[in-house]
Amino acid sequence: MLKYLNLSDIKFFLLGCLPVLFYFISHLSMLDGSVKFLIYALVLGFISLFLFLFSAREIFFKLEYKRSIVLIGFSALIVFVYSWVFPPLYEYGVDKVYYIYVVLLLLSYTIVCSFLNKNTMTGFIFLLFLSSVFYCFLSVFLGVDENNARKSSIGLNPTIMAKMCIISAAYCSVYIFFQKKINIFYFVFLLFSIFAVFKTGSRGPLLAYGFSFLLLYLVRNGISKALNIIIAIPIVYFLFSKVIQFLPEDLSKRYSMEAISVEENSDDGDRVQLWETASDIIANNSWGIGSGNFLDYSFIAVPHNIILEIGVEYGVLFMILFSISLVLSAIYAVVALRKDNSFINNFMFLLFFMQIVNSLLGGDLSIQAYLLYVCMAYFLFSYNKQFVRYQSQLRKLS
């Protein structure tokens, strides 16, 4: 069966999912024995279903035009089954665990595509876009919680919802501004996606999107085009001031200049305090304190910085290795974009740096961490593939 495995595609997604799955498994000690057994049974069932699907792929995927529909439908079915029995982990809660299902959906789809030797990246990006669109509609059209204007009526976590909504804005902006294709649908949905983020009252995803888009523009066009950005700033500020007028007073106050700061940028408390606490723990425990134990030192389960989180839980060595990998991935992302100015590279570049900013300011370890690891693996492997191809060409010339 391994002969059907397309390693050139699947490695991006396996490397992306393994750290997240490892994080979940390492936190199983917080659950009682019966729940642990249930999770293990579900994992075995999950694998068994895939093995059955792969062995009978000629039956399920005989007609080419039905293939994508069956793939998405089967993946959605797996997520639906998980949604009934997969318990929210201790530090997530019901309002966050729904976003783990998006990870499962993307993961199951990409693994199946890889075994079928299909273009996984294209399908992955489009499915991610559709997932983001779904959350945009939830953000805009669902009612709000009576006690918290940021939360929807079904209690979804507003910060993670904003991180999902901003992905469709990134997709639309890459299509419009960098593919040079004027499409009224993508332009309208770009505005719709940004408004959906505003509706959540979250500021971090907007900051991540703005910074990453600016970086993408400069990498593509050079510093000489920076004047265009300076001209655009007052226009963006004018539009920003108009949009917040349509928001409830509780949300509009969050976007005032007085409210925007690192210290006040979290409903849970002072981020600087979290970072200082995490730094002290790392200084006194160079080998880490284990998974999920940050709550013993603070008022929240994670320090809202993925580098510090790794240092706190797994020690200085893993923190340094991860930091080096992150820096190398960022360098390779710039190199890959300059060598291949394709839509996929543009979108993955924007998505990657958005996840970097979000991960340095946020504590979510489901969809955010998954996308960060996928982007890191994508640029590391794509750069190495180009390097090997370049070396082989040099040998032929010599």
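For all residues, glycine too, the Cβ spot is worked out from N, Cα and C.
Keep in mind that this is a model prediction, so the values were computed, not measured.
Marked as domain 'O-antigen ligase-related' by TrEMBL: 189-322. The domain 'O-antigen ligase-related' (189-322) scores a mean pLDDT of 75 in the predicted structure.
If you look up TrEMBL, you'll see 12-31 (among others) marked as transmembrane segment.
Annotation comment: TrEMBL describes 37-56 (among others) as transmembrane segment.
The transmembrane segment feature in TrEMBL is assigned to 68-86 (among others).
Among the features that TrEMBL reports, transmembrane segment is placed at 98-117 (among others).
Taken from TrEMBL, the feature transmembrane segment applies to 124-144 (among others).
The transmembrane segment feature in TrEMBL is assigned to 156-177 (among others). Outside the transmembrane segment (156-177), and at least 6 residues removed from its termini, the chain residues within Cβ reach (under 8 Å) are 93, 95-96, 98-99, 102, 125, 128-129, 131-133, 135-136, 138-139, 150, 183, 186-187, 189-190, 193-194, 196-197, 200-202, 204-206, 208-209, 212-213, 217, 343, 346-347, 350-351, 354, 358, 362, 364, 366-368.
Annotation source TrEMBL lists transmembrane segment at 182-198 (among others).
Annotated transmembrane segment per TrEMBL: 204-219 (among others), in sequence order.
Residues or ranges marked as transmembrane segment by TrEMBL: 226-247 (among others).
The transmembrane segment annotation in TrEMBL covers 314-336 (among others). Remote same-chain partners of the transmembrane segment (314-336), defined as residues 6 or more beyond its termini with a Cβ less than 8 Å from a stretch Cβ, comprise 219, 282, 285-288, 306-308, 345, 348-349, 352-353, 356, 375-376, 379-380, 382-383, 386.
Taken from TrEMBL, the feature transmembrane segment covers 343-361 (among others). Here the transmembrane segment (343-361) has long-range neighbours at 121-122, 125, 163, 166-167, 170-171, 173-175, 178-179, 204-205, 207-209, 211-213, 215-216, 219-220, 265, 271, 304-307, 326, 329-330, 333-334, 336-337, 368-369, 371-372, 375-376, 378-379, meaning same-chain residues at least 6 beyond its ends whose C-beta is under 8 angstroms from one of its own.
The transmembrane segment annotation in TrEMBL covers 367-383 (among others).
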